[in-house]
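What TrEMBL records for this protein:
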type	residues	note
TRANSMEM	6-37	transmembrane segment
TRANSMEM	58-77	transmembrane segment
TRANSMEM	97-119	transmembrane segment
TRANSMEM	131-151	transmembrane segment
TRANSMEM	157-183	transmembrane segment
TRANSMEM	195-218	transmembrane segment
Amino acid sequence: RWKNWWIRGILTLAMISVFFLIIYLGSFMLMLLVLSIQVKCYHEIITIGYRVYHSYDLPWFRSLSWYFLLCVNYFFYGETVADYFATFVQRREQLQFLIRYHRFISFALYLTGFCMFVLSLVKKHYRLQFYMFAWTHVTLLITVTQSHLVIQNLFEGMIWFLVPISSVICNDITAYIFGFFFGRTPLIKLSPKKTWEGFIGGFFSTVVFGFIFSYFLAQHQYFVCPVEYNSETNRFMTECEASELFQMKKYSVPSLLQAVLGW
């Protein structure tokens, strides 16, 4: 039992240290991290379908799956480049062409993939192939769309990325700690080691952590300012006047609550 505790503890500290390093390196590295996780998640989900139906020897299934991933990423990240790197694009004629016809190119790439799928159809496996085609698209919807929205949040300020991610990490760690020391009542049959004590302890710890961590981040421009690309320095910049959203304000307690509390 304690051996598992020490292994988890050391690995947790190592991963948190690497995460801090990536945050220090800036927004671009965080975007690469999100993209890497997206590709790995996509690979895991697609591999499940491939292993289940591997014996049917479906032609081009894996190749088409990765091709569609490239197409969808090209579309989403092309939109991001057009929105946030406009000054950089304007200085390069080749990129101007790609941005001007970006959506047409994306559509043409997808249409090419669809034609390749039609050509790969085998008479005996029509139903299965369309099933796997749908599997690929649902997987793209789950992984690529979410990662794109995460990166969009990141451009609005690192705080919108760090607080949700760190809250999940905090919940995982504190749920394990409370479960390790106080766990007695099983939570679900699917995961017998999870306990109600760990779940409740993790919940309240995460709420407290969320307040403290968001307050800390709100004090620093590096975390609250939108990420902007500076074409002169060729770097991402996070300098601005902090929004009112991140400034402390005084609020009066409602009269009804004052009466209840006796204030």
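The backbone N, Cα and C atoms fix where each Cβ goes, and this holds for glycine too.
TrEMBL labels come from automatic prediction, so no person has curated them.
Where the transmembrane segment (157-183) meets the stretches 97-119, 131-151, 195-218, the count of C-beta pairs under 8 angstroms peaks at 195-218. Of the two recorded stretches, the transmembrane segment (58-77) does not lie close to the transmembrane segment (195-218), with fewer than three CB pairs under 8 Å once pairs fewer than 6 apart in sequence are set aside. Residues 158-159, 162-163, 166-167, 170-172, 174-180, 182-187, 224, 242, 246-247 of the same chain lie 6 or more positions beyond the ends of the transmembrane segment (195-218) yet place their CB under 8 Å from a CB of it.
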